[in-house]
Amino acid sequence: MGKKRSASSSRWLNEHFKDPFVQKAHKQKLRSRAYFKLDEIQQSDRLFKPGMTVVDLGAAPGGWSQYVVTQIGDKGRIIACDILDMDPIVGVDFLQGDFRDENVLAALLDRVGEDQVDVVMSDMAPNFSGMPSVDIPRAMYLVELALDMCKQVLAKKGSFVVKVFQGEGFDEYLREIRSLFTTVKVRKPEASRDRSREVYIVATGYRG
């Protein structure tokens, strides 16, 4: 016999399928509800313009890349990476691999090539154990790697949008971003669940 779902996982599934943004994404045949988070950020911060080059970290299942394609057009370029596989999206150059691995990072940088990137975006998150003392440091490690990517490829005056989980290390990370960008906002999109610790740091005007 199969194992029964725990009460917490059953509650999560119930909440997930009742989520209006999940239902809306399903109706519109979108990859995920994350599409709407980025749309809200774009409406307020205007990060994406036609012809831009964008790096998407933690891309699967593809909600953010799917959205950005609609904003940057045929002349734009998206280089996406995730440890999980992702179904192809026209206009997206996808690399499957663990971004923490030096060889995967080298392959990603090779895909970027000589181009300077206009926007680096990261929706990366670790597999959560339910223990904040374990989960928050893992999450902070990923967002530090995303910021390191900015330092390597982001064009002067470029932008960075990153999902961060509030907890130990958050304030220091925010301070570091403020030292590198001219304008920094912390956003909590409507499609982000209220009880989630996640927020999105939107940083523009990279000092280079």
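A Cβ is built for glycine as well, from the same backbone N, Cα and C atoms used for every other residue.
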Site-mate of G62, W64, D82, D98 for S-adenosyl-L-methionine in Swiss-Prot, selected among D123, D135, D148:
D123
Cα within 10 Å of K163 (active site, proton acceptor) is the criterion; apply it to the binding-site residues W64, D82, D123 and give the hits in sequence order.
D123
Extent of the S-adenosyl-L-methionine binding site in Å [max Cα distance among G62, W64, D82, D98, D123]
18
Which entry in the list of binding-site residues, D82, D98, D123, has its Cβ near the fewest other Cβ atoms, using 10 Å as the limit?
D98
